[in-house]
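Per TrEMBL, these features apply:
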type	residues	note
BINDING	54, 55, 56, 57, 58, 99, 148, 193, 308, 309, 310, 318, 340	cyanocob(III)alamin binding site
DISULFID	67-110	disulfide bond
DOMAIN	261-338	domain 'Transcobalamin-like C-terminal'
């Protein structure tokens, strides 16, 4: 069964609109049609579960991308997101829902701004926006982040798009936290989320771009290589499964030697190279970088709403992916197969 490509296609259409494509609309029209199709497949394929096949995050991205291209979507599609927000369905596995809420609110704001919905529905969208903004302000962390470092740019885009940057304390704390942690944004997908915020913009601004006035200022650059760190570190790697059918004891618990400064992905590769412990894993390439899908033969399956959770030994979720996170000597990393 082919899985809906809702999120990937939505990101592509957002990027395409931002690059001021050629006046010929033929190829764009085809992509928009495919995105509408995937939105319907995303929901219809899992109607009995009451949630999209992929996630509300991807579903909201789809609605947002169509709106920035000024394409209408059926009212039922919009109401699915409204109902999910109203019944707090965005939050999963006890984690933050900031990024999903923010994507949905940006879609709601765009639909109203572009006048793609009727007045009664527009009023409901405004009420949802106010609820989400209020939650974001109430749940802002002491360090200034909304959720985590990666969901914070999404939240800030909500305040920018809603002309709510007058909440100076809230906004300035988030901006200060971002500026201190810009080195966390190392792949194109996360850079694309934070760059508009650094310029006081949101994804909604691409809907009103006048492409004939845009200067071609893009120039290729060669990134400087990361400084080489000499030496070796030891990382304790633990594999657990919290699903009912799994054993309750750790499936793997070993010290893994790796080069100092190595990423978690490099640590996993080093563990796999230790023939005596039979460690195996697989990743899948996504717009956000490599995504861990299988460890010791246990597969995370989106249709079963399972995923590999990355944790520290204190139970804190890592805020980076396997290719970005760089453990330190003596750290313990837990890979836990969980449900969301």
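Positions of Cβ are set from backbone N, Cα and C atoms, glycine also.
On the backbone, the CA of residue 340 (cyanocob(III)alamin binding site) and the CA of residue 67 (disulfide bond) stand 28 Å apart. Within the model, the domain 'Transcobalamin-like C-terminal' (261-338) carries an average pLDDT of 86. Farthest C-alpha pair in the cyanocob(III)alamin-binding residues 54, 55, 56, 57, 58, 99, 148, 193, 308, 309, 310, 318, 340: 24 Å apart.
The two recorded residues residue 148 (cyanocob(III)alamin binding site) and residue 67 (disulfide bond) have their Cα atoms spaced 27 Å from each other.
All protein chains shown were included, and the count of other CB atoms within 10 Å of the CB of residue 340 (cyanocob(III)alamin binding site) stands at 14. Cβ packing within 10 Å was compared across the recorded positions 67, 110, 310, and the lowest neighbour count falls to 310.
Recorded residues residue 56 (cyanocob(III)alamin binding site) and residue 110 (disulfide bond) have their alpha carbons 17 Å apart, per Cα-Cα distance. The binding-site residues examined here are 54, 58, 148; by Cβ neighbour count within 10 Å, the least packed of them is 148.
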